[in-house]
Amino acid sequence: MNNQKVVAVLLQECKQVLDQLLLEAPDVSEEDKSEDQRCRALLPSELRTLIQEAKEMKWPFVPEKWQYKQAVGPEDKTNLKDVIGAGLQQLLASLRASILARDCAAAAAIVFLVDRFLYGLDVSGKLLQVAKGLHKLQPATPIAPQVVIRQARISVNSGKLLKAEYILSSLISNNGATGTWLYRNESDKVLVQSVCIQIRGQILQKLGMWYEAAELIWASIVGYLALPQPDKKGLSTSLGILADIFVSMSKNDYEKFKNNPQINLSLLKEFDHHLLSAAEACKLAAAFSAYTPLFVLTAVNIRGTCLLSYSSSNDCPPELKNLHLCEAKEAFEIGLLTKRDDEPVTGKQELHSFVKAAFGLTTVHRRLHGETGTVHAASQLCKEAMGKLYNFSTSSRSQDREALSQEVMSVIAQVKEHLQVQSFSNVDDRSYVPESFECRLDKLILHGQGDFQKILDTYSQHHTSVCEVFESDCGNNKNEQKDAKTGVCITALKTEIKNIDTVSTTQEKPHCQRDTGISSSLMGKNVQRELRRGGRRNWTHSDAFRVSLDQDVETETEPSDYSNGEGAVFNKSLSGSQTSSAWSNLSGFSSSASWEEVNYHVDDRSARKEPGKEHLVDTQCSTALSEELENDREGRAMHSLHSQLHDLSLQEPNNDNLEPSQNQPQQQMPLTPFSPHNTPGIFLAPGAGLLEGAPEGIQEVRNMGPRNTSAHSRPSYRSASWSSDSGRPKNMGTHPSVQKEEAFEIIVEFPETNCDVKDRQGKEQGEEISERGAGPTFKASPSWVDPEGETAESTEDAPLDFHRVLHNSLGNISMLPCSSFTPNWPVQNPDSRKSGGPVAEQGIDPDASTVDEEGQLLDSMDVPCTNGHGSHRLCILRQPPGQRAETPNSSVSGNILFPVLSEDCTTTEEGNQPGNMLNCSQNSSSSSVWWLKSPAFSSGSSEGDSPWSYLNSSGSSWVSLPGKMRKEILEARTLQPDDFEKLLAGVRHDWLFQRLENTGVFKPSQLHRAHSALLLKYSKKSELWTAQETIVYLGDYLTVKKKGRQRNAFWVHHLHQEEILGRYVGKDYKEQKGLWHHFTDVERQMTAQHYVTEFNKRLYEQNIPTQIFYIPSTILLILEDKTIKGCISVEPYILGEFVKLSNNTKVVKTEYKATEYGLAYGHFSYEFSNHRDVVVDLQGWVTGNGKGLIYLTDPQIHSVDQKVFTTNFGKRGIFYFFNNQHVECNEICHRLSLTRPSMEKPCT
């Protein structure tokens, strides 16, 4: 029986019985005892024997018959899967009967026995609920190491890396001890440790730490060989993983690994190239597990991939290319033949592997014979199978899964028929590999003997530090038997806790009075107290345990919502003259640029309107889009715009609950008026937010006020009367509102001026632009710019050159000399048709004065407005803070007003919220300017809400492009055979930059369908981008607590992901972007990973028990035939609470212990890069005490070398880091002997 629904129902019944027994424990009836005995007697004798041996704790893992035998007889070639599958229903009935009879030892033995089989059915989560329930009912019940380790595997798959690391490190450090389990042999402990080391290697592989992962896999091989009888199954798995790692490993790392005197694998000595070594390792892996089809399928898939990659590399001699392709063909065919016609395939891992084998074989045929009709048909079938596979993996209905599984395998059968896959003759009909794969299994794969325990000692520091992070007391002391030796039990391993001691919103959120600001010091104490309290929470014999068990299942059966920390309370520690915390109740604001905060398109209006659901977020730690002011007196000059206020109604505020923060003086927000002009304009009050349901074209405005005040009301304005002596509108509130909208600002669309700004009131005073410089504002076309409050954008070295653009359909436009606009219109988002969508409330840095060539906020005083590059852009001109311009009398109709922005706020990053018409900001992922070199535009029909656009990803355009330009873009998007060869072999940044230069911008890729794609990985060590052909399915948007403003995130499943059962997230920009946005994101993240790897080594050398990891990121270039249709970045899904430790300018959160390590890492990156780079903008997942493991993502890098993206401030950013964030070296810096540089403020 392998029907998932039936299995799930039976397991649910077992869980319900346990739940009832946990609530009340009646005496066991004679009827229950006899039913238990009856069910056990009905089992086949082989299963009864296995249950008895499991009860006696005879082995820590249920062994295959062939697993430890050198000479395998006919009776040993039966797989355990077949035996368990045949009697599964009887076993589960016996499990229920044993629970009712209160024979927890027998029940735990059955759980142990069926564990691996149910993992293949994707229902391990429900089985683990039963195991935990047994432990809670009778804590002395032995729970097998295999079952405990299963929890670690599922945690890795679901993104709970901290949880998995703790379980594995506990077992390794405690010599395999878990609960009351007793080992019969010392070698069994070695086996458990070897498996744990192997899974830790897979975690590092998932994190892109190829060399370090390979070292751990090698260690596991040593452990398996150290057993009295080598574990062939363990060796097969480790060799396959090692080969898979070699595929991604750089040549330099491979040479280092190969030449390491402690690593003595013989297969490394036989081959010079890492891909050939990997292929041989897979051949050996398949031979070791020749009687288990899934193991063979996995191994030969990796072998075929290795040979495919090698045939495309520059190292492969041309005369040997076809030979290796034929070997790859054989490997994929062997994999496809592991499925017999009458055998069902019921698990995601096996289905994925079959689709991958079919695609690999199709790719080989294309390389050998070209794009024939047969190959094209097979390619289409593979994409069809990928779509069905994704639906299978996300479906919760057993009938659907069963039908989809059959459909997938039916498609695979068609591929086999198209490509004429023929079975091979084999003397041993039970073997799934050909005779040519046979080798002497007693062949030494190690030169000499490795000392496994000595190897473990080298990792003991890491395992100890991870264990120290978490509590080890069992939460169930109530029913503990006095004579039971509990040891390290599964409850102590935190298997019932969704998020282990990560810094969370619930731990950090203090109770705040509605109208009272809270000081930074008080808040810090509250946070520490809550962390201490939360870190010592023990689960009792109560509902809390059962609820948490349900949470574990959700992570396996279907993609769960993100659990992110955007609602967490953050405290700001600032150097300089700035005062303490400025807490704003901005539940719609997100303090990071990670994929944890990306948009999920649901209508959350009702949520926004609900009171009492506010999350406190420190808006001052957002990453800025432009620099902060050096001090209050050094504001930039602001240019005036001549436009007319048009159809704007302001509502009268209700200021009953508005009070200033205890730590901040009440500030007024002057509005900057402008001279009248005949063109209609746009007005925005200071800190205004866009209201829901506003009329089309003009939205209501809600006041946000300065961010360093605290308030909890919703002021709105029905009218605004102006007073010349006040410099601001009467009745205008000066406090932030608490709605869950996201911040935005309005930019008038007008051509850039010559920037001849005169000093009207002396230094630091802005002046109006002359009448001749008045620019147009387009009717009913406000440009809603979403300042994401995330990453500051550089203002240096950005040329400002403009073409004149006339578009008759827009009506009368007054043109300026050298004028232009940025044709960077957003694409339509899934929720873009909703009126008055949410926007985040957040202050904007006053230093952001103009918009650069990518829509960046730039400093208008530092940058000339013209050059010869022909870039189109918008310009935003603002008044410096503190300066009050003269205000006209009551009429405001002839003025455009810009807000005076909060001075202690880092600014914004791009986003494209519903209702936005033009997005002029840049996201934290910086990019170069080449993709913005746009063609001239002519009149034509529009699509969506905007009058212009580049050529979109489907090959059509919103307006007509000149024929020649359109042809050039389409040609640039079409990859030629030579391009494919270069990409598959590996290319450098410069080649890729030039090749993609004229591809234009792209709409977001289409979801809910499978695409052909190129997977591109970047190695900082080799500085190469290497491609791999694959198929990707773009799934549903993620359900997240907070919407992102610049990118959408969605589930992604592709054939060549590192972890078949793992979850991956794709990120795509909401608005049309050029390809290089994604590529620079990945380059920057992998550069930060390169630096942090070296930093970790230094920490380890100094016995500092902390390790930092950057989540790896890759590119998927979406293709249709050979034409580029889009681009997304992909990274593993990490589950946990997300925190932001610093930004890329001056803000840093010193109350987190992790920040100390992060700042030391930034300092180290500066020294390690020979004073060229500093990694900043620290954000990710940290533990409560800042020790153990820290996972980071989305960094920024200030570099003196490259200015390819505007979030790089160069020398100025490095100055900010050492003078504002890392003011003094900490203990970590001293222990690493880091030298503090002498910093002088760079000229701007």
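Cβ coordinates come from backbone N, Cα and C, glycine included.
Among the residue ranges 549-573, 599-623, 824-848, 899-923, the one that Swiss-Prot annotates as region 'Disordered' is 824-848.
Counting only residues at least six positions away in the same chain, the Cβ atoms of A144, P145, Q146, L191, V195 sit under 8 Å from the Cβ of F61 (ADP-D-glycero-beta-D-manno-heptose binding site). DSSP assigns F61 (ADP-D-glycero-beta-D-manno-heptose binding site) to coil in the three-state reduction, placing it in neither a helix nor a strand. The ADP-D-glycero-beta-D-manno-heptose site in the record is lined by F61, Q67, R116, R150, Q151, A152, R153, D231, K233, S236, T237, F295, and its two most distant CA atoms lie 23 Å apart. The Cβ neighbour count for R116 (ADP-D-glycero-beta-D-manno-heptose binding site), using a 10 Å radius and every protein chain shown, is 18. Regional average pLDDT for the domain 'Alpha-type protein kinase' (1017-1237) in the model is 90. Other Cβ atoms within 10 Å of the Cβ of T237 (ADP-D-glycero-beta-D-manno-heptose binding site) number 25 in total over all chains. Look at R153 (ADP-D-glycero-beta-D-manno-heptose binding site): DSSP puts it in a helix.
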